[in-house]
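Reviewing the structure listed below.
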Amino acid sequence: MDYIQIQSSGPLNGAVTIQGSKNSSLALLAATCLADATVLLEGIPNIYDFRVIRQIGKDIGLNMERLPSGHILLDPRYIHSAVIDPGKASAYRASYYFIGALLAKFGKVTVGFPGGDDFVSRPIDQHFKVFRALGAEVTVFNDYYVVEAKQLLGADIYFDMITSGATINAMLAAARAEGRTRLYNAAMDPEVVDTANFLNQLGAKIVGAGTDQIRIEGVPFLSGGSYSVIPDRLIAGAFLMAAGINGGSITVHNVIPEHMGSCMAKLREIGIELERSDQSLTAHSTGRLRATRIRTGMYPGFATDLQQPFTALLLKAQGKSIVTERVYPKRFNHIQQLKRLGADIEVRKESAFIRGGVPLQGNWVHATDVRAGTSLLLAGLAAEGATRITGVEHIERGYDDAIGMFRSLGVDISLRKHGDEAAPERLSRL
Ligand SMILES: CC(=O)N[C@H]1[C@@H](OP(=O)(O)OP(=O)(O)OC[C@H]2O[C@@H](n3ccc(=O)[nH]c3=O)[C@H](O)[C@@H]2O)O[C@H](CO)[C@@H](O)[C@@H]1O
Ligand SMILES: C=C(OP(=O)(O)O)C(=O)O
């Protein structure tokens, strides 16, 4: 079994270049199925979820090639099947985008239930609501579901809660539906805007993305084109936080600072200085942090995917902090693992109560999902001695090269295999 070993470290100094957004990439790759010509996508990270989509692409006839430039060339003209293997669909979360992306062309799509980060129950009722509103029938079987529609017809849809996944799926399904669709209470995330921009580039007619009302005029076909995915604001946020763990200065290049407002505000509040330029941010910290309270929320609120690394950071802030999780109230699997390092945290209902400033000790811990992994990497920097993190595959779901990025900041980190605790490093790259 693979694990990551990370050693306690002094102040971190240096710069990392942020990869393309995982969550946007997953939407754009599926969205390509809507096109009638080739599409070139720039900045898609080589993460586990991408590799699963490439397998799905092979099964259904969506040709996908990574060019020497690193860009992905996709050819959706020869898709011959709209049946997504349940095993592959449940290997990651966003397989549901294949419904929205294939329904207009095929009239019937079969997909396994979504997998992905299993921190809590993650319903997909709003996705079903969208398909039904557009005139489709949804039939649920044991480990897969089928969505069928002779003709998708535009509709007015009011989401019961703000959901980025269902907002994106609605845009995909409505892009080639007949007539106008209006989405109310839509998610405003940068990944929603990115997907809308991409679809518009191919000829879709979507306005209002980035606000809570989106209007889509269905079009009969979409052309090909090229598009560059936005940077991963969640990875960028985690690296800015890393500067606060033991102090130091970290610059993240290839970011859109406007996507990181709530994260930047919270970092400043606890005493991390931020310098901003066009596409970079630098965090400076003395390592002395102030305790705080945070509450996660949908964009532009504080992202739930930044809650876990921020919790690790607050272990270093003297005094009492409170982290309240409002998007996924049970998303606290990382807390048990942080406690194995000596963290003083108590979870009550949807809040974690942290007493910061308690010394941490390295130990074996398990990454239960991608952001739990991020949290353990940050805590490992603070813990005395070596921290060994299993569940590497979860970290691989989101990071193209986590080890290389930390190493470029001077961190002693390596990927190892169980049994070679004393052996030299085996591999440098996840
Ligand atoms: C692949 C991807 O993009 N994943 C992100 C996406 O997940 P995902 O798109 O699955 O999350 P949503 O934005 O849909 O979820 C937001 C909230 O709505 C609820 N909900 C959602 C859909 C639904 O049909 N019914 C329902 O009740 C969820 O339980 C949650 O409380 O947004 C989450 C919230 O920012 C992030 O943590 C994930 O990293
Ligand atoms: C929850 C996450 O991912 P997914 O929705 O893909 O499981 C995440 O990226 O933190």
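Keep in mind that glycine also has a Cβ here, set from the backbone N, Cα and C atoms.
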Looking at the UDP-N-acetyl-alpha-D-glucosamine binding annotation from TrEMBL, with Arg93, Arg122, Pro123, Ile124, Asp125, Gln126, Asp305 already listed, which candidate in Val109, Val146, Val323, Val327 is the matching residue? Val327
Running a distance check here. Ligand 2 versus the binding-site residues Arg93, Ile124, Asp125, Asp305: which have CB less than 6 Å from one of its atoms? Arg93, Asp305
Which of the recorded positions Lys22, Arg93, Asp117, Gln126, Val327 have a Cβ less than 6 Å from any atom of ligand 1? Arg93, Gln126, Val327
Local confidence of the prediction over the domain 'Enolpyruvate transferase' (7-401), expressed as mean pLDDT: 97
Just counting, how many other CB atoms are there within 10 A of the CB of Lys22 (phosphoenolpyruvate binding site)? 27
